[in-house]
Amino acid sequence: MKKMATRTKWLALALAGVLALAAGCGNSAAPAGEESKSKELNVFNWSNYLPESVIKQFEKESGIKVNYSTYSSNEEMLAKLTASNGVYDVAVATSYMVDIMSKQQLLDPIDLNKVPNFSNIGPDYVKKAFDPKNEYSIPYLAGNIVLAVNTDKVKTPVTSYADLWKPEFKNSVVVVDDMRGLIGMTNQMQGKSMNETDDAVLQKSKSMLVDLLPNIKAFDSDSPKTLLINGEATVGLVYGAEAALAQKEVPAIKAVYPKEGVILWMDNFVIPKGAKNKENAEAFMNFLLRPEISAEISKEIPYTNPNIKAQELLDDSIKKDPIIYPTKEDLQRGEYAGDVGDKISQLDRIWNELKSH
């Protein structure tokens, strides 16, 4: 997750160039031992999800030109990659989408020998069910979806997803433009898994979300903090880092884990099938996993960083923030979106019908 064009908007994304940088080792951004044939890299990522300073440093060290395109949802990313025929060299996909893409043979395997900084990733973030051998994915950042409340403007406690439906919040709630997140929320409100696919549960979730529409000021996964900071929204269902950034600007904004459960996610680097600059993509990943580079990313984009060497370089104000680094108790209540198989078409229909109201 991250991002101000909504997740359901399909961006006209520029075709990016190509990056050839043979997979660098350790702290080297350049390929070891051989000359790269290409000096371009096409990166496909969420918007506002990688500091420009980091990209420029990679370009300076490697001599590689990074062509950077963005998307606003996993589903948009999947559609663009499917149609792009090898245009992109590296992309970022949430865990459930890695599972889907690998099953559809849309990913090339990553040569971890060319990404030695992969060893900096903590054991809690590797060998997950969606990619047990990390054959196709490398963790980037992780996080959660939380309630954000402007306590100067909202005097009654907000502790539950259900509070979003209160009449006093008409046209004042910003929510992530995230199909799996919102349907997952209403599934959890029914006491079910966020990945529940029972027809009756899904239809109830749809009805609940339709009832929520009068309260929704905006669907925004790009920068939901903006509406919270400027006061147009007093309550939000947003990514944890967005809540943390909003609180820096407006201390009255507080983040709360919903009592019904915690929706967790992890974003991962992947190499799309047919990427023309695979070695450059692996070198780029290796560069981003350098502790000092990864820590720089976290300082600007405060999501959970799976890079334990980078964590050591972060201030306690970040490491001890329970919204950025949840407690074990909150993690135990957490749930990740999973591959729902053919039921994804039903979720798509529900989402499209909801957004067309």
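Glycine is no exception: its Cβ is also placed from the backbone N, Cα and C atoms.
Note: TrEMBL annotation is automatic and uncurated.
Marked as signal peptide by TrEMBL: 1-22.
Within the same chain, the residues at least 6 positions away from Tyr96 (spermidine binding site) whose Cβ sits under 8 Å from its Cβ are Asn74, Phe130, Arg180, Tyr336, Ala337, Gly338, Asp339, listed in sequence order. According to DSSP, Tyr96 (spermidine binding site) is assigned to a helical segment. Taken from TrEMBL, the feature spermidine binding site applies to Tyr96.
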